[in-house]
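Asks: Right, I'll just put the structure down here and ask away after.
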Amino acid sequence: MITFKSIALTIIFLSYFVSCVSSQRETKFLNHGFLGANLLNFGSSKVYPSGLLELTNTSMRQIGQAFHGFPIPLSNPNSTNSVSFSTSFIFAITQGTGAPGHGLAFVISPSMDFSGAFPSNYLGLFNTSNNGNSLNRILAIEFDTVQAVELNDIDDNHVGIDLNGVISIASAPAAYFDDREAKNISLRLASGKPVRVWIEYNATETMLNVTLAPLDRPKPSIPLLSRKMNLSGIFSQEHHVGFSASTGTVASSHFVLGWSFNIEGKESDFDITKLPSLPDPPPTLSPSPSPPVSTEKKSNNTMLIIIVAASATVALMILIFSGFWFLRRDKIFFIGGARKFSYQTISNATGGFDNSKLLGERNSGSFYKGQLAPTEIIAVKKITCTTRQQKTTLIAEIDAISKIKQRNLVNLHGYCSKGKDIYLVYEYVPNGSLDRFLFNNDRPVLTWSDRFCIIKGIAAALQHLHGEGQKPLIHGNVKASNVLLDEELNARLGDYGQGSRHSTTGHVAPELVNTGKVTRDTDVFAFGVLMMEIVCGRKAIEPTKAPEEISLVNWVLQGFKKGDLLMSCDTRINRENLVAREVLLVLKTGLLCANRSPESRPMMKNVFRYLEGTEALPHDDYLFYGV
């Protein structure tokens, strides 16, 4: 028998069921802060009691993500087209003690599972294997604060539209259009100040617009980015919407203060008074106001100040002359801003240079792994100088080396000197040297995507060292063992700027044998050979090969003349993922760099442009001459 109570319970259950279903199909929401919001947090992401969403803090190599609790239906069930949407959010990026990094992205993805994704430039969304894969079906709008040259970043403060990878299909320096002045005004993403973003997609016109402005400014009439694109192939099902941010060796805190989203309509506007506040910056101490000084005390205070100042001046002069005399005894001066470590600090960090800490030994010195602090791992290179002149020359270069900062170079933190030995303190790069990946079987086989990225990274590093309009810094020893790979397999060129040292057999330019002088041209020659080694997976000289294959350069040249350059490609590379156009580009560029005539070799800026596809290679006939 059906009772009133059973009917009531049924109605309550159906109401609850309908509310659950409708919440799962939610297509419009407005969040002033995220306390109690329908939000899923992953990684380092968290919500403050104030409602402020923090994706990452200033710790290194973090990934933080936050997604709306239920997927959003972005495909039109009545047609093959996707639906229109509009969203707006307010974010802020505050940098740590160093440079800001790496940025955040608004993400639309079919999945919230990003296991295997890399931090830093990959924003916690992709890795080197799946970057650019059309099966990802991911749209991301990136707000990038670190320039990755190998990913075609235009600068270290830009906004980009990313489709299935972190190489933007459209990007622009961060700015907003000022309607009163009728011009774009630059906007610093990592200023620590709130920035509002509007992202709108019109499915009918297949147009995606991205607009941004400071929080206290109205929405500009002209977007920063407008891209005509049909997203129906991407939004073929329900997708998750949210945010992803990451840090690398440089770090920032990434915050989101509010978020509005709507399908087939305009996003709701914010009430700025309801937004959570950002954390206070570290307090700066200001001196307390001095109490008034009586007239009677002024003369006594003045005399006291004179006496103290005179005493301090005398003491300072004594200290300066004592230090000068002490340094004169050794006739070696450490100049500039390079950090000097005590020998005890370096010894403690490496366990007294214990053999268990030994990373490797080369002609140029021995490398040790060390730990300065729980989170600061270092690599220490010990160089024993045979003459005073050698030590003086090396020390003179330390200051110049320490000032060089580029993401594809291994950073020099500082140095230590004791007796005949110099200890160079570098950042630790975890995956070791490139030669172990190319020539040994104890490491995974590098994919073609990895290799091409590594080649472009080395090119960017050499271009930076060689410089433009300034005195170049010659590497002098470009080879696979001097290229280190970080956690994301990015190339980090090391062992640069330490005197004139010749490359190993096979990498030595012909003129170097006669003159003994390293130049930009000899670096270019060595890099050309290294490019071929990376593609072919073998060393420049292999005496056990057939006579026509002993020299890698000659072997590649034979393939070029036969019209079959791909024959020399490393057979371990998965052919399904091989991009023949890129392989040919690298091998031809390598032959051009390995020209026997230094005048015929390109400069590194041209080499980099060849690899980026922004400058065409010379005609093929030109490559035959002089190789």
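Count begins at 1; order follows the chain as displayed.
Here the Cβ of each residue, glycine as well, is placed from N, Cα and C on the backbone.
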Asks: Tell me which residue from ASN57, ASN431 Swiss-Prot records as N-linked glycosylation site.
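Replies: Out of ASN57, ASN431, Swiss-Prot attaches the N-linked glycosylation site annotation to ASN57.
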Asks: By the record in Swiss-Prot, which of ASN127, ASN348 is the one labelled N-linked glycosylation site?
Replies: ASN127
Asks: When a 10 Å sphere is centred on the Cβ of ASN230 (N-linked glycosylation site), how many other Cβ atoms does it contain?
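Replies: Counting Cβ neighbours of ASN230 (N-linked glycosylation site) within 10 Å gives 13.
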Asks: What is the interatomic distance between the Cα atoms of ASN127 (N-linked glycosylation site) and ASN209 (N-linked glycosylation site), given in whole Å?
Replies: 27
Asks: Can you tell me the mean pLDDT for the region 'Legume-lectin like' (26-262)?
Replies: 90
Asks: List only the single closest residue to ASN230 (N-linked glycosylation site), chosen from the glycosylation sites ASN57, ASN184, ASN202, ASN209 by CA-CA distance.
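Replies: That would be ASN202, the closest of ASN57, ASN184, ASN202, ASN209 to ASN230 (N-linked glycosylation site).
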Asks: How many Å separate the Cα atoms of ASN202 (N-linked glycosylation site) and ASN209 (N-linked glycosylation site)?
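Replies: That comes out at 9 Å between the alpha carbons.
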Asks: Report, in whole Å, the straight Cα-to-Cα distance of ASN57 (N-linked glycosylation site) from ASN184 (N-linked glycosylation site).
Replies: 31
Asks: Tell me, if you would, which residue among ASN57, ASN184, ASN202, ASN209 (glycosylation sites) has the fewest other CB atoms within 10 Å in the structure shown?
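Replies: ASN202, out of the glycosylation sites ASN57, ASN184, ASN202, ASN209, has the fewest neighbouring Cβ atoms within 10 Å.
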Asks: Quick check for the class: what is the C-alpha distance, in angstrom and rounded, between ASN209 (N-linked glycosylation site) and ASN57 (N-linked glycosylation site)?
Replies: 29
